[in-house]
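Annotation source Swiss-Prot lists Mn(2+) binding site at Asn172, Glu238. Per Swiss-Prot, prenylated FMN binding site is recorded for Ile175, Tyr176, Arg177, Arg189, Trp190, Leu191, Arg194, Gly195, and the stated evidence type is sequence analysis. The active site, proton donor annotation in Swiss-Prot covers Asp287.
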Amino acid sequence: MSFKDLRSFIDHLEANGELKRISYPVDPHLEMTEIADRVLRAKGPALLFENPKNHHMPVLANLFGTPKRVAMALGKDDPLALREVGELLAFLKEPEPPRGFKDAIAKIPMFKQALNMPPKTVRNPPCQQIIKTGDEVDLTQLPIQHCWPGDVAPLVTWGLTITKGPRKSRQNLGIYRQQLLGKNKLIMRWLSHRGGALDFADFKEQFPGERYPVVVALGADPVTILGAVTPVPDSMSEYAFAGLLRGERTEVCKALSCDLEVPATSEIILEGYIDPEELAEEGPYGDHTGYYNETDKFPVFTVTHITQRKDAIYHSTYTGRPPDEPAMLGVALNEVFVPILRKQYPEIVDFYLPPEGCSYRMAVISIRKQYPGHAKRVMMGAWSFLRQFMYTKFIVIVDEDVNCRDWQDVIWAITTRMDPKRDTVMIENTPIDYLDFASPVAGLGSKMGLDATNKWEGETNREWGTPIVMDPKVKQKIDSIWDELGIDDSPTL
């Protein structure tokens with residue numbers, strides 16, 4: 001099942017008991033965050049606040065608050081099915097040459113599908129049913145959440161920022177938080193390595209002093225949103241990838257103020273520009289780390305046009321100490337990364353980004369160890385293979401007999417298979433998340449790798465321990481007589 005717009009997905013969630021409408025008046029200032037946080041921690045439904053205080057536009061929250069709903073957005077029933085998305089990405093990133101004529105014929109449909117998914121331009125799009133320009137532009141009329149008591153101002157969180165570099169043929173879609181600065185101004189917090197910031201830097205170099213056109217889409221269809229947070233190959237647009245996932249081309253329309261293309265079924269579109277000379281102090285804001293972050297200067301986005309659907313819905317979220325919605329999204333996308341990593345490192349059995357580690361700051365990887373030093377090779381490869389792991393501070397490597405998603409198993413492996421000095425890798429002066437105030441310098445810090453695998457000859461001079469395992473025949477016998485023993489609640493082994 002594919003969803004052409006956000007509304008059809010909302011209907012689907014409601015029909016399946018995955019969305020709750022709240023008619024009671026709730027304030028976007030702090031109250032929505034408290035409600036959404038309680039519901040998310042209870043693994044509850046998406047929320048549609050129908051009567052936000054002092055506003056006339058409903059607010060959608062917790063849309064991707066469980067891995068199940070992320071899978072549902074892509075037409076899947078189980079988050080594990082998201083590995084199919086990872087397999088597609090692994091193929092697109094590094095397609096294998098055909099092994100023969102029959103294999104070449106078999107691969108033609110996939111190549112053809114990938115090539116036939118450019119966005120489809122439509123006229124009279126829903127996102128331009130209402131148009132506001134000039135003095136009509138007033139961002140304060142949107143029910144933008146003020147998430148935490150220490151936040152400096154309301155914050156746009158789920159906007160798809162659309163940019164294009166002067167040397168690129170495709171547009172870039174990225175999600176960057178945006179501080180409300182005034183009726184027609186937002187602060188665009190994009191870090192220097194992100195796609196939008198790179199496009200902006202290229203534009204400034206080629207057209208110094210000129211205004212840079214930018215568009216932000218709020219409430220796009222769920223597949224396009226997820227396409228924007230997935231590690232799409234640099235040569236492919238997020239629109240094309242969303243079309244592949246959907247099985248239908250992504251419908252777009254031309255913005256009114258520039259040549260950028262926007263998702264045609266979006267609820268709200270913000271059009272405008274960035275003046276390269278206009279910067280503003282951004283923050284502080286409560287973030288996914290569970291702390292308020294430092295302030296810094298970022299470009300100001302001036303909004304010249306607001307277009308929207310009739311009866312538009314404002315899509316929002318909050319970030320805070322995990323679990324939050326981005327953490328749940330990270331749990332689901334974890335399944336996407338597994339096939340991508342296995343493509344490069346077939347010895348990887350499983351890969352896990354614990355949500356309590358902010359979904360990217362720690363990774364645990366299980367491998368089929370084949371030679372001394374193998375664990376160190378895999379940890380170095382993981383750090384360098386995908387940009388998404390550039391900020392991963394800790395990597396733990398375990399053997400295939402250890403469940404890398406079970407902390408009891410992982411801690412057992414660390415405490416019984418590691419010597420702290422021999423099996424710890426420390427790397428200094430590496431890229432670190434700017435929000436990580438624990439690093440000695442903003443954006444630069446160290447990484448730690450833990451080799452918690454069994455040690456081979458050459459890694460140790462001692463006889464290695466043999467794990468204790470019960471005789472399978474005895475286990476089978478006890479299983480067969482368990483009910484007769486009169487012991488309640490047999491543990492699952």
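Each residue, glycine too, has its Cβ placed from N, Cα and C.
Distance from the CA of Asp287 (active site, proton donor) to the CA of Leu191 (prenylated FMN binding site) is 15 Å. When the binding-site residues Ile175, Leu191 are compared by the number of other C-beta atoms lying within 10 angstroms of their own C-beta, Leu191 comes out lowest. Across the fold, the C-alpha of Asn172 (Mn(2+) binding site) and the C-alpha of Gly195 (prenylated FMN binding site) stand 6 Å from each other.
With respect to their backbone Cα atoms, Glu238 (Mn(2+) binding site) and Arg189 (prenylated FMN binding site) stand 20 Å from each other. In sequence order, Thr161, Gly174, Met188, Gly196, Ala197 are the same-chain residues whose CB sits within 8 A of the CB centroid of Ile175, Tyr176, Arg177, Arg189, Trp190, Leu191, Arg194, Gly195, the residues recorded for prenylated FMN being left out. The secondary structure of Tyr176 (prenylated FMN binding site), as reduced to three states from DSSP, is coil rather than helix or strand. Under a cutoff of 8 A between CB atoms, and with a sequence separation of 6+ in the same chain, the neighbours of Trp190 (prenylated FMN binding site) are Thr161, Gly174, Tyr176, Gly196, Ala197, Phe200, Phe298, Pro299. Every protein chain considered, the tally of other Cβ atoms within 10 Å of the Cβ of Tyr176 (prenylated FMN binding site) stands at 22.
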